[in-house]
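To start, the structure under review is shown below, and the notes come after it.
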Amino acid sequence: QESRLVELPYSSFDDDDDDDNDMAEQDPGVWYPDPPKPSPFSRCMRYLAFLWNLLFLLLGLLTLAVGVWGLLTKSSLPGGERGAPLGSDPMLLFLLAGLLASAVSLAGCLGALRASPCLLRFFLGALLVFGGLELLGGLLLLLLRQRLRDALRDLLLLCLLRYQEDPDLQFLVDEVQRSLQCCGLESYRDWESNLYFNCSSPGVQACGVPASCCRQPLQGGSVPNAQCGFGALALGPAAAAALLHTGGCGAAMAAGLRGQAGAITAGAVTLLLLEAVGALMALRVLRDIMARS
């Protein structure tokens, strides 16, 4: 007897599989149920995170606009008045700070609005980096106080030397001397190190100091007298003290920083808390997105 193997066609099994696939395609809800809808609290947290980041986005754009305006204003000045190169321009700090803040806040806004896990992760990572840098800066400030004090002194001396060369430094020095009622770094005699105010200079500002050193810059009028400090370095100590604030700005700034240490600490802690609140909201939105995916 011969045994025969009966081969069944595979098409019948294939047809059954196709029928199953067709049934799955016709009724996908059996295999892939719809994700749960977000709760009202989740939606509220999502929009709150969007508005929170929108506020910081506007602040970042404002800082960016100030930096761009400052650079454009200085670029329109004559070449001899601009002085400082772009790399050391103070307005570049506003530009970079505004650009970074705007980019991170925009990622937070779009991540919360479009429910994008990638943008939210980028936002959380950026906040983590910023918070770490702020904490590191605070520790360095505590550990390297003497070196930072010396660096600040060198910076103030550089501002005195480049007073006429950079409009930003000139404005900064005038505001410091006017608000702290001081003149020079250690005393008003420090202005002799400036090329234009040195007594050997041939210009009209020789043996003078800026008008921001004067005790009464208006001198009875309504318009500041830019020449009130001319010839002050040639006067005796008593006559100079009657005309100028003869104390240096270095000691005045150190005393002011010590007096405002509490306010500075409170400001730094507030900034960290704001970043922590933004990170917690973004983390909650990200968790809700991942739970529905």
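The backbone N, Cα and C atoms fix where each Cβ goes, and this holds for glycine too.
Per TrEMBL, the feature compositional bias 'Acidic residues' maps to 13-25.
Per TrEMBL, the feature disulfide bond maps to Cys183-Cys199. Other Cβ atoms within 10 Å of the Cβ of Cys183 (disulfide bond), summed over all protein chains shown, number 27.
Feature annotation from TrEMBL assigns region 'Disordered' to 1-35.
Annotated transmembrane segment per TrEMBL: 50-72 (among others), in sequence order. Counting residues 6+ beyond its ends, the transmembrane segment (50-72) has Cβ neighbours under 8 Å at 86, 89-106, 108-109, 112-113, 123, 168, 277-278, 281 in the same chain.
If you look up TrEMBL, you'll see 92-113 (among others) marked as transmembrane segment. Outside the transmembrane segment (92-113) by six or more residues, the chain places 46-47, 49-50, 52-54, 56-57, 59-68, 70-71, 86, 119-120, 122-123, 126-127, 130, 278, 281-282, 285-286 with a CB less than 8 A from a CB of the stretch.
Summarising the annotation, TrEMBL assigns transmembrane segment to 119-144 (among others).
Residues 45, 48-49, 52-53, 56, 108, 111-112, 120, 123-124, 127-128, 130-131, 134-135, 138 of the same chain lie 6+ residues outside the transmembrane segment (261-283) yet bring a C-beta within less than 8 angstroms of a C-beta in it. According to TrEMBL, the feature transmembrane segment maps to 261-283 (among others).
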Other than its own, how many Cβ atoms are within 10 Å of the Cβ belonging to Cys199 (disulfide bond)? 11
